[in-house]
Amino acid sequence: MAIGAFVEGGGSGYSGRVTPFVVLSCIVAGSGGILFGYDLGISGGVTSMEPFLKKFFPDVYHQMKGDKKKVSNYCRFDSELLTVFTSSLYIAGLVATLVASSVTRRFGRRASILIGGSVFVAGSVFGGAAVNIYMLILNRVLLGIGLGFTNQSIPLYLSEMAPPQHRGAINNGFELCISIGILIANLINYGVDKIEGGWGWRISLSMAAVPAAFLTVGALFLPETPSFVIQRSGDVDSARALLQRLRGTAAVHKELEDLVMASEVSKTIRHPLRNMLRRRYRPQLVIAVLVPLFNQVTGINVINFYAPVMFRTIGLRESASLMSAVVTRVCATAANVVAMAVVDRLGRRRLLLVGGVQMLVSQVMVGAILAGKFREHGEEMEKEYAYLVLSVMCVFVAGFAWSWGPLTYLVPAEICPLEVRSAGQSIVIAVIFLLTFLIGQTFLAMLCHLKFATFFLFAACLCVMTLFVFFFLPETKQLPMEQMDQLWRTHWFWKRIVGDSPQQQVVELHHHHQRSSSE
């Protein structure tokens, strides 16, 4: 059966709309994205503040203030200790998300959200009160554990709560919250930079407790998803009542039936992470690994947590570099809103392709400007070209924000069947954290050694990932998560690899029992 016919023929057969109950639940859960975004934005800002550098990273401070004829402009912030501060969070998150997979599967999506929010609050306290580098690193490790749990569970929660026809927009709300979190962080960094006495960075680091507290308290009142209710207890009546409340209609039989069948399959899988290696889950595994990997090699985290540092490198002063980070984030936030409006109409593939080309052109332009106008020694780049780089970076972050940013969380979450969904999301977040750590740990050294060619390297990666989407990623818009199996058995490449999935076997067995009963 062709996917187009499958969707159009009554679509999923599901009834319902986006109810206020769904909206409120998703707002609370999606606020976890603010945690991730705030941390991404705050670290780059404080590491460009001179009082912070002078207290914790004096070598970087003196290197930044040193003789411009002796130190390459590309190398002024190159410091292993500085990159350990920025990237240590992601190693902690990598370990935490693998633990979160079991917690989410056994105890529910809400349990992981609660754990993540609570640990994040504790980490924020250590950041604001830090008096030495060890307290700073502890702050980063605790934040990483919190993000490991929330980033693993929240995209699952949003995807399972949303009606299929609006799943893209609701799930993209998580990326919008990330963007808002980065914007808030950039605005706070810009504001506290003016505080006399040089202690404004403490406000920046401790304010992370505010969104974390909101998420933690709000999670106490969140309902579990219908999928988990059935998976945990098999209580179909409770799941039906919850579905009716979520969808605003009593006609939820078809969706409930699909959830029950998906739960039957999930009970046959005891080791989800191990089962992801089986042939029948090969498409999901490949996409769960490559999509977040491609997300990171776009170069987006150069902007997310090194934007102020990079803008200072090319010649903007401390205040101007912080404001430049604000400007790029405003562009990204606006693009996130556009993505939410169009993702369920235009589809995932089209946005990924357009965004990929847009980012590719932007990276080539930045590399070319730096190659032609940025001198390695002596005075920094002329202000006109520095602001041209800023303009191109705005185009870049907009392309990311309506394509690879939100869809990295949406596509893997919606293509994985229930029995491996938690494991698949853990793989996604683990890859994101691992690559974020590696890029965070190496970017300043890459910039120092490769110079402008760093941006051409990101452009080459963007070319590869855009070709991957064109040839190997099927469209998933408006297709129910419990019926995604249709994609692989009709796709020109993946149909050669997968046979009948366990879910398809259960469906056929169910239909056989129905025919037997009628006879």
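Yeah, the Cβs are placed from backbone N, Cα and C, and that goes for glycine too.
Note that this is a predicted model, so its numbers are computed, not measured.
Quick look at what TrEMBL lists:
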type	residues	note
TRANSMEM	21-38	transmembrane segment
DOMAIN	25-477	domain 'Major facilitator superfamily (MFS) profile'
TRANSMEM	81-101	transmembrane segment
TRANSMEM	113-135	transmembrane segment
TRANSMEM	170-188	transmembrane segment
TRANSMEM	200-222	transmembrane segment
TRANSMEM	285-307	transmembrane segment
TRANSMEM	319-339	transmembrane segment
TRANSMEM	351-373	transmembrane segment
TRANSMEM	385-405	transmembrane segment
TRANSMEM	426-446	transmembrane segment
TRANSMEM	452-473	transmembrane segment
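Relative to the transmembrane segment (21-38), the listed stretch 170-188 leads the set 81-101, 113-135, 170-188, 200-222, 385-405 in CB pairs under 8 A. By the count of Cβ pairs under 8 Å, the stretch nearest in packing to the transmembrane segment (351-373) among 81-101, 170-188, 319-339, 452-473 is 452-473. For the transmembrane segment (426-446), the residues of the chain that approach it from at least six positions outside its boundaries are 77-79, 82-84, 86-88, 90-91, 93-94, 97-98, 100-101, 104, 144, 147-148, 151-152, 155, 273, 276, 285, 288-289, 291-293, 295-297, 301-302, 305-306, 309, 408-409, 412-413, 454, 457, judged by C-beta separation under 8 angstroms.
Where the transmembrane segment (113-135) meets the stretches 81-101, 170-188, 452-473, the count of C-beta pairs under 8 angstroms peaks at 81-101. Taking pairs at least six residues apart, the transmembrane segment (170-188) and the transmembrane segment (319-339) share three or more Cβ pairs below 8 Å and count as touching. Tertiary proximity for the transmembrane segment (200-222) is limited to same-chain residues at least six positions away from its ends with a CB under 8 Å from its CB atoms, namely 25, 28-29, 31-32, 34-35, 38-39, 42, 45-46, 49, 51-52, 110, 113-114, 116-118, 120-121, 123-125, 127-130, 139, 143, 146, 150, 157, 181, 185, 188-189, 191-194. Same-chain residues lying 6+ beyond the ends of the transmembrane segment (385-405) with a Cβ under 8 Å from its Cβ atoms: 175, 178-179, 294-295, 298-300, 303, 307, 311, 314-316, 324, 327-329, 331-336, 338-339, 342, 351-352, 354-356, 358-359, 362-363, 365-366, 369-370, 373-374, 465.
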